[in-house]
Each structure stands twice: as C-alpha cells, then as structure tokens.
C-alpha cells in the first residue's frame, strides 16, 4: 500500500513476520500458559514432557495441536515443557486469507505468532478441582441412594470464564467415566451448533482439544467421537428481549427433554447436568432474576456456582441458598440448594464485538464447510497422512421456490433496529397487503379453511380449534409467516428447519427442536427463488422453517 505524497510503501504486518523456529516453554507445577491467537493465523503446540491440559482435557505427549482464533490457557498440575511454533495461514471459505478479517487481525510477535502469551503462577484451578471432587461425592451418593445427581448452574458476568468452567467440569467428569449432560442456554455462542442455538448434549467421551466442545455428526473422519446435540432455536442475541414469550418456553422444553433423558439413562441421572448461561443474566437488568428463577425451577438446580460477581453472589444467597430444590424427590429427601462463590481467572479477557463476530462466522462456516484449521489429529486418519490435512465438508447447493416453503419470523422490535428497513414480513398484522388477502385482525370469524398453508400465529387472531387456551398460547408468540415475495434481506442469513409441520400452531413451531440449518446464498424476488446451502443432499423436508434474521443475522462471504 502506497502512502500518498511520500512515494513509500507500507509493508503489512503479515509480511513483516518471519517464521521463527519453535519456542520451548517450561511450566512449573500449578502454573499455566495463557495465549491469544488471531483468526486467520494458527499456532502449533506440542507437549514435550510432563502433563498438561486445556480446559480439563489432557494433551497427548508428542502430539501437535493447532489453534486459531482462540483465547485459552494450558495448565499443568505437575510441570511440563511445551513446544510452540507458527502454523499455516488459514484461508477463509471465500478464498481470502483472513489476515485482514474483522478489523485486520494479523499475526502477533509472541511465541508462534501469538497476539499475546505469558505464563501465570496464580490460577483458580485448585478451586475448580475442589468443585469437581464435591460434585463427584454427590454423584457417588446419588448412585448409592438412587437419587438424581448434581444439577449445576453456572452464573457470572460476560467474559468471566463460565464456559471455560463448564468445559473443565465436563472434562473431569468424563475422565472418571461419568456421562454428564451439558446444557448451553447462551444464544450468543453455539455449542456443537450455530449461534442462536440452545442445546443439550450428553458427553460420554473426551472433548476435542482443538475444537473446544468437539464436533457434531458429519460425513467425514473424526479423531474424537462426535457428539449428538439436541438443538432448539432462539434467533435473538438477548434472552431478555423475548423472555416470557419465547426464551422461557424453549428453556422449559429443553429441561423437559433433559429430564426425560435422565429418567431413561441411569448413567446420566447419576452424573447430573451442567448448565451454562449468558452473562447478561448477571447484570441485574429487568427480567433477569425471573429468567434465572425459571432455569433453577425447570432444571431442579441444586448447586449454583457464581463467578466474578459479589453482587450476584449476594443475591443468589438470599434467594436460593439452603432452599428446597424443585426436584420431584426433594420433598422426600429434603434436598437443598447450595450456592458457591468461585474466583474469576486472571486469564479471562474481554472479547470485543469484532472478535465475537469472527467467532460466530467461524462456527457457521464450520457447520457447513468443516474445520478450516490444519490438524495432525485428522491427518492421522487420512491415508496420505499429510500434516496439513483438515476436515473439509461439501454442502449441497440447491434452488428452491419460496412459495413452497413455510418460513416464519419473530416480529420483535429491538431498540436499535431500523424501522425504515423494507421487509414485507413486517407489514401489517394480517395479510392485507397480499393479493386477495384480508385483514383477519378485523374479523371475528376464524381463518378460511382453503388457506391451509398459513397458520394464524399473530397476536389477536383466533385459532381454528376454537379453544381459548390454545388461542391465547398462540397469540402470545410473536411468530409470523413471511409472505411472498421473498424479501431480499433473506440473503446471507440462516434458516432453521424445525420438526413442526408447516401449518403447525405458532407455539408448536417455537417449541420444536431443530433438524438442521440452511444458509440462504441468494434471493431472486422477481422469480420467487432462493438459493440455499444444506449440509446434506436431497429435498428440504416439508417442515416449518424459522428465519434467523435478528440473530445470528447476516453472514456475508460464506459463498462466492
């Protein structure tokens, strides 16, 4: 890039970086190596001697691990020596190197090209290990008495290390042969799914060091056994934006599914569940305590872990400590809730909006195209045994008639939303603007039977069943079918295919679990066609589809 008037060239930081030989880092017992790697760059870490773990999952000796776009820490209980070197530059799916992705992230000048890296002697790992041992004692008691195992709720502000603690407790549980159910209630980040997902997964095997939680089922080799998540879709970033009408009912359905699994699976019943929550619930905003209480009640929580907030800890102590749980067996066993305060790790760093956007894009790309990080673990499964082999998936592209789809959108107005943006799905409360339509909100009679492709789900409309309870439940759900023509803003967004029928009531669509996701690559409103990517081939199932317009929002550049 030339500088105007000076006739000089400015060399990019990526070009200035010269790959240095690997660096050896020695850690004393009870210390950890904290590092940050930008998206688009990668480092390689190898355990040369001793023992080490990343968020509770042990690193194998002499095995090279690749990390990109992450902020993490490698801890050692007894001391170890690590070898850290630079990895390959990773290109995005659209073919552009991500050195300038999301604000111009470039390779740093730390070991291996880390943006930041240092060794820390003070860590809260002893506290976290003590929590694991306490939970293990509760599991042994549950096995002896036939009661349910511990149901753990993790609370804390943003960037306090809640998800890291959930990974540590899960890894330690699986290490001793337990099978915990992990529940993610944070729509900002996906767990084994895309952002906007609320998921529950039973972990029977170890987690993937490079990919965090691991990977969901895919048609390709995997060094770590894949996980089978149960997924629900909440297409909003903030659980308080539609807490009463959308978020809490989905949490109830998820809790019901988890409870049913624990009733049928003795191993998961004894091990219990670990619930990760969004940080906004800990900020004291209106409605947050109601959502926390709903989670505590629905999952029959008996252990609340609070990280990094004295105020929240005090509130939880007053509200729940030593109070009876909501478990069905609580009355007979006199089970009580325990509130525990934990220290926030000094390695927790703030993740800005640009980094979180890159995280969301990476999760969505991985869902459709596989893991872009070159991994020697996946290379070991390849016949070529190439050190740069990575798991690449090929999504199926197809063109669909928009009229053949039942696409629904949540009609919730956000404070920072542009109300002038044209979107046919936001016009009116009925189908007045559709040719031949009429405004059902002004009529007392039910919807005509010939319009079977549309189910009344807007506030104030009477359901075809005529039952007051069902009608009231459906009218409370801010879910409306997107009318034709296909809105152009549908492009570059996600569609969630539910298990609900296309004409199911709005409450049933909201509460339905997800089959999979589509990515809308292009929209032709004149022809009524949309071009989508699907993880598998074949026809799109005739099911109700929920549009992730507000969250995870627009994802540009996924395809060329």
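Including glycine, each Cβ sits where the backbone N, Cα and C put it.
As recorded in Swiss-Prot:
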{"type": "BINDING", "residues": "32, 71, 159, 160, 161, 162, 163, 164", "note": "ATP binding site"}
{"type": "REGION", "residues": "416-479", "note": "region 'Disordered'"}
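Where Swiss-Prot records a feature, it is marked here on the structure.
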{"residue": "32", "record": "ATP binding site", "Cβ contacts under 8 Å, 6 or more apart": "73, 74, 75, 76, 119, 120, 123, 125, 347"}
{"residue": "71", "record": "ATP binding site", "Cβ contacts under 8 Å, 6 or more apart": "35, 36, 37, 349, 351"}
{"residue": "159", "record": "ATP binding site", "Cβ contacts under 8 Å, 6 or more apart": "279, 348, 349, 350, 351"}
{"residue": "160", "record": "ATP binding site", "Cβ contacts under 8 Å, 6 or more apart": "279, 282, 307, 308, 309, 344, 348"}
{"residue": "161", "record": "ATP binding site", "Cβ contacts under 8 Å, 6 or more apart": "307, 308, 344, 345, 347, 348"}
{"residue": "162", "record": "ATP binding site", "Cβ contacts under 8 Å, 6 or more apart": "154, 155, 156, 276, 277, 279, 307"}
{"residue": "163", "record": "ATP binding site", "Cβ contacts under 8 Å, 6 or more apart": "186, 189, 276"}
{"residue": "164", "record": "ATP binding site", "Cβ contacts under 8 Å, 6 or more apart": "55, 345, 348"}
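Spanning the listed ATP site, residues 32, 71, 159, 160, 161, 162, 163, 164 have a farthest Cα to Cα distance of 18 Å. In this structure, residue 164 (ATP binding site) is part of a helix by DSSP.
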